[in-house]
Protein chains: 2
Amino acid sequence: MHKPASDNAQDIHSSGLKATWPRIRILRLFQQTTQRHLSAEDVYRSLLADGEEIGLATIYRVLTQFEQARLLTRHYFESGKAVYELNEGQHHDHLVCMMCGRVEEFCDPEIERLQQQIAERRGFELREHALSLYGVCSNPACQAKARAESRG
Amino acid sequence: MHKPASDNAQDIHSSGLKATWPRIRILRLFQQTTQRHLSAEDVYRSLLADGEEIGLATIYRVLTQFEQARLLTRHYFESGKAVYELNEGQHHDHLVCMMCGRVEEFCDPEIERLQQQIAERRGFELREHALSLYGVCSNPACQAKARAESRG
DNA sequence: GTAGCTGCAAATACTTTGCATAGAT
DNA sequence: ATCTATGCAAAGTATTTGCAGCTAC
């Protein structure tokens, strides 16, 4: 049985999940989109725009399963709603623009080391962490918006 | 007009809010409780247990106002629901036990400095940040629970 | 063939809002 | 007296679940 080079069905299958069409499409979306961080609603609308009508309930279920299978990771970003991103093994943190919502990623080994040290010193066995920086990005539109808000 | 030494009505009043009974009780709860981080529901139940029946809607409104007035700060802690804590001016980050939910606070100037540096380097004007470490605390019950879970 | 998956609709959890009444200054 | 706050109930968003039919293996 031959499979296309970029077939993600294997990734799904090796997580103990059946390689169904909705799952293949959802995973592919994360692999191909330029917008790395997507909410359930974002996924629903993206697929719909692509001609795939997949029920929201299914999307929520699949995102949860993918997170448990460590294909995706989940974040909250102070927004009260979850966003997911492709888990590519390498840990990283986030820098979020409060004006346009753009998210950049970074990883600072020194910060990682200090975190580990802090946890140890307090008798915690560190399992994971979330560091998000919020600010205003270099886009002039964002800076203008920020000024307008502070006047507001 | 005299007021008791620890009267928090002033704090409320100087934020442009009327010093009403619900507000006084809610702020006092944060000032006196040992559990620093409370959700709206937590506040509702604490006050109820104390004989104060204050509507949930009011609690949500007051928490939002207090946050805007910078008397409280809000966090999400990856839980999908907001928790608030007293804002005592000094910034700090959080260390959360994934087993018992206990939250410790810490502040590491070196991490703060590195964050600032990372934001600058990418042209972001840093406004705020959230760093939460998740792990298992030193309580033996938590460690046992962690082992049980990993056995699945 | 069968265990596991999907869609739908209903349920749940958290939070916000409209409106009439009550309260603070 | 006036402007604001509260309580209730209803609406809104985000997410989960029960169930009957469909699909991958």
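Each residue, glycine too, has its Cβ placed from N, Cα and C.
Copied over from TrEMBL, here are the features:
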| type | residues | note |
| --- | --- | --- |
| BINDING | A:His91, A:Asp93, A:Glu112, A:His129 | Fe cation binding site |
| BINDING | A:Cys97, A:Cys100, A:Cys137, A:Cys142 | Zn(2+) binding site |
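Known features from TrEMBL, placed on the structure.
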residue	record	contacts (Cβ under 8 Å, 6+ apart)
A:His91	Fe cation binding site	A:Cys107, A:Glu112
A:Asp93	Fe cation binding site	A:Glu105, A:Phe106, A:Cys107, A:Asp108, A:Ile111, A:Ala130, A:Leu131, A:Ser132, A:Leu133
A:Cys97	Zn(2+) binding site	A:Val103, A:Gly135, A:Val136, A:Cys137, A:Asn139, A:Cys142
A:Cys100	Zn(2+) binding site	A:Cys137, A:Asn139, A:Ala141, A:Cys142
A:His129	Fe cation binding site	A:Gln115
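Listed in chain order, the residues near the Fe cation site other than A:His91, A:Asp93, A:Glu112, A:His129 are A:His92, A:Cys107, A:Ile111, A:Gln115, A:Ala130, A:Leu131, each with its Cβ within 8 Å of the site Cβ centroid. Highlighted in sequence order, A:Met98, A:Met99, A:Gly101, A:Arg102, A:Val136, A:Ser138, A:Asn139, A:Ala141 have their Cβ within 8 Å of the centre of the Cβ atoms of A:Cys97, A:Cys100, A:Cys137, A:Cys142, the residues recorded for Zn(2+), and are not part of that set. In this structure, A:Glu112 (Fe cation binding site) is part of a helix by DSSP. Each of the binding-site residues A:Cys137, A:Cys142 was scored by the number of other CB atoms within 10 Å of its CB, and the largest score is that of A:Cys137. Proximity to chain B, defined as a C-beta distance under 8 Å, is registered for the following binding-site residues out of A:His91, A:Cys97, A:Cys100, A:Glu112, A:Cys137, A:Cys142: A:Cys97, A:Cys137. For A:Glu112 (Fe cation binding site), the number of other Cβ atoms no farther than 10 Å from its own Cβ, over all displayed protein chains, is 15.
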